[in-house]
Every structure is written in structure tokens, then in C-alpha cells.
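Report on one structure; see the data block that follows.
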Amino acid sequence: MVRAGLDKKPREVAEMFDGVARGYDRANSVMTVGFDRRWRIKTARALDLKPGERVLDLAAGTAISTVEYTGSGAWCVAADFSLGMLERGKEIGRDVPMVAADAMRLPFADNAFDVVTVTFGLRNFVDTEASLREMARVVRSGGRMVICEVSQPQFRPFRFLYQRLGLPVLPLLARPVSSNPEAYRYLAESMGAWPGQRELAEIISRAGWTEVAWRPLNLGVVALHRAVKP
Ligand SMILES: C[S@@+](CC[C@H](N)C(=O)[O-])C[C@H]1O[C@@H](n2cnc3c(N)ncnc32)[C@H](O)[C@@H]1O
């Protein structure tokens, strides 16, 4: 089974997610002890979607969040480059528009969306800043972006414990519930190497977004970043 490395080669990342698609949602809930649901609700609140808005849910996986966002009356499309993840979403009845798309070269016109959002996907893109620029391209001026991603806890003793004890345990938790436990080694490695909240906010600003704000969830294990396209 394929397992991506920290160089995040797109083919390896896509194949890895194809390989875990079947049990992905369940493994996610087990490993986050159900917190994933709460983080999705908080992301939806931060998005503050209005009926009729055009929303791109990028790296949508099985479209678990996309379905939730459609409840607002917004028109939401799930985009992902793992056909396995999208197909799994269809298989379990997630009835939203789905597009096979690479975040680095989106198959959408300039200014096509009012809102773009990514939950637990940004960390996997081969070039974070370039992907944020590409997201800005497809969002109209004044449009919004919300990113929900793992982060680094700010409180030092907790960060130490999280990095030394929490992250190494993740692949073990995934072992009984995932079809590819090796993929969860990548998860732990990519989480450990991901920037903190302020650092990510700086990358978002450099990519051309304004009004960048962020908020830690669960002591900073996860963070929500928001921004507006000028
Ligand atoms: C951890 S999953 C998150 C899925 C979903 N957003 C969720 O919250 O459950 C990461 C997703 O990012 C997708 N992905 C990674 N790199 C991508 C890229 N360059 N373009 C499009 N999708 C990508 C993967 O295929 C995978 O479905």
C-alpha cells in the first residue's frame, strides 16, 4: 500500500487517500474521539454561509463536510484529486456535485466562487503558499476563505506531550480501523511538521489574502483560519 512522505508527491498522496477511502470517515472519528464532528460544526459556523452562495469545498474527501454546508442553502461543490475518496462519498449517498481537481491547478474560472474552504486538506498540498494563491484566483473579490487544519498547541508543556506522546500513538490507534495503517504514519509526520497558527496566518497573507484571523480549537491541536480576498 502506498504511503506518502513529507515531500508530498501528489501521485503518492492521491494513491494513499484512494487506499484509505473505504474506512476513512470511521478511522477519523476513532482517532479524534469524535471531535472531528465538532470541528466541522465550528468550521460551518465560521463559514457563515448564505443561501445561494457558491462554495468550493476543496480536498473534500468523501464530501462529509460539503453535505453539511449545503444545509445552509448555499450551492456547494466537493473537489478532490483522490477519485477513491469522491467515489466512496457517492457510494454512501453524499449527493453533492463532485469534481476531480488538483488544488494546485483548479479547473475553475477566475472569481467563480464566493467562498473556498478546506478541512484537513491544506497540510497535504505540495506547496502551501501556491495553493492559497490558486484558491484566491477562483474566489471573487470580497469572497471568504476558511481553513480548518491540525495545528501546534501553544502551551509549551502540552505541546511537548502532544508531540512526544500523542502523535506517535496515532498510527497505533488507526491500526485496527484503517485499511492502510501505514498511511497514518504519514499523518503523524505531516502533523508534526506543520506550522503553528501565526506562521500559517503569515503564509496566508503572503499568498494575497487579507483580514487574516485565526482561532485555536482544543488547546491548538486544531485551528481555524479565516481570510478575505481583497
Ligand atoms: C485528510 S483528508 C480530508 C478530507 C475531508 N476534507 C475531511 O475533512 O474529511 C485530505 C484530503 O485532501 C485531498 N488532497 C490532498 N492533496 C490534494 C490536492 N493537491 N488536490 C486535491 N485534493 C487533495 C486528499 O485526496 C484527501 O481526500
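The backbone N, Cα and C atoms fix where each Cβ goes, and this holds for glycine too.
Keep in mind that what you see is a predicted model, and the values were worked out from it rather than measured.
With ASP80, ASP102, ALA103 listed by TrEMBL as binding S-adenosyl-L-methionine, the candidate from THR32, THR43, THR62 annotated for that site turns out to be THR62. Sparsest Cβ environment among the binding-site residues ASP80, ASP102 (other Cβ atoms counted within 10 Å): ASP102. Packing around THR62 (S-adenosyl-L-methionine binding site) is summarised by its Cβ count: 27 other Cβ atoms lie within 10 angstroms of its Cβ, all protein chains included. In the three-state DSSP scheme, THR62 (S-adenosyl-L-methionine binding site) falls into the coil class.
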